[in-house]
Amino acid sequence: MNKIIDAHIHLDQYTDKAIHKMQTDETIEHIITVSMDKASSIRNLQLSRTFPSVHAAFGFHPEQPICGESYFTDLFDWIRNHQTEMIAIGEVGLPHYERLKDPKSYPLEPYLELLEQFILLAKELQKPIVLHCIYEEATLALDLLEKHSYMAAQFHWFKGSSPTLERMMRNGCYLSFTPDIHYEHDIQLIAKNYSPHRIMAETDGPWPFEGPFQNMKTTPAIIHQSIEKIAELKQITTAQCYKQISANTKAFFAL
């Protein structure tokens, strides 16, 4: 039986019924659930305590208004107090889509300062960091990672330039691919050219997808199709691809 690991999902945004249904799928070996904020982190912690296959990452998603200093002092204290039950820091990073819509409401500087604090926290706790950083924001994240000599980073659903990808590869960063690898040519090129030892598969669920997944609910099970596509792009067997992606993900998250 080929088993899968969802390297990035927002499990706390699913209904209890949907979560329980996932647990009946014997092909799902591990689920990495990332957090939007403190409330999301608490919910994901509860899920990880309930289901052995679920592993929680704690953080603050950047595509939302930034909170005050006291909020993050409290969040960082809470993360430190629960570090033994945390698999990674995440999801954290820099806003892109919200800044495009409303740049005045999303000045980059406070988000850069916050990301640097999260990188330092990940380094302090020796946990990997799950990043929402695409296009030009990815280069800024790499600047901070290099500044602090901490490269245990996953760039989830990455989109960006070849020079940025080459820099990520030199630094040993990981990329995770969503089901849009089936129909997005740019994503396919990234998968073709990136190191096979630094790739993972994710859903970013419950985010919906197009192409063969149109009108389908996003669950970890669709990773099987993503792995088949990655195998095709990498020109390896599906069995080899399952094995490699599983090994990569277990190595990154210390599973």
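Each residue, glycine too, has its Cβ placed from N, Cα and C.
Noted in TrEMBL for the protein shown:
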- His8, His10, Glu91, Asp204: divalent metal cation 1 binding site (BINDING)
- His132, His156: divalent metal cation 2 binding site (BINDING)
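Known features from TrEMBL, placed on the structure.
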{"residue": "His8", "record": "divalent metal cation 1 binding site", "Cβ within 10 Å": "26"}
{"residue": "His10", "record": "divalent metal cation 1 binding site", "Cβ within 10 Å": "21"}
{"residue": "Glu91", "record": "divalent metal cation 1 binding site", "Cβ within 10 Å": "26"}
{"residue": "His132", "record": "divalent metal cation 2 binding site", "Cβ within 10 Å": "27"}
{"residue": "His156", "record": "divalent metal cation 2 binding site", "Cβ within 10 Å": "25"}
{"residue": "Asp204", "record": "divalent metal cation 1 binding site", "Cβ within 10 Å": "22"}
Between His8 (divalent metal cation 1 binding site) and His156 (divalent metal cation 2 binding site), the C-alpha gap once rounded to whole angstrom: 7
Separation of alpha carbons, His132 (divalent metal cation 2 binding site) and His10 (divalent metal cation 1 binding site) (Å): 13
Mapped DSSP class for Glu91 (divalent metal cation 1 binding site), helix or strand or coil: strand
Environment of His8, His10, Glu91, Asp204, the listed divalent metal cation 1 site - residues of the same chain whose CB lies within 8 A of the CB centroid: Ile9, Thr33, Val34, Gly90, Val130, His156, Trp157, Glu202, Thr203, Gly205, Trp207
DSSP-derived class (H/G/I helix, E/B strand, else coil) of His10 (divalent metal cation 1 binding site): coil
Local backbone state of Asp204 (divalent metal cation 1 binding site), from DSSP in three classes: coil
For His156 (divalent metal cation 2 binding site), the three-state class that DSSP assigns: strand
Whole-number Å value for how far Glu91 (divalent metal cation 1 binding site) lies from His156 (divalent metal cation 2 binding site) (Cα to Cα): 9
Nearest-integer angstrom distance between the alpha carbons (Cα) of Glu91 (divalent metal cation 1 binding site) and His132 (divalent metal cation 2 binding site): 7
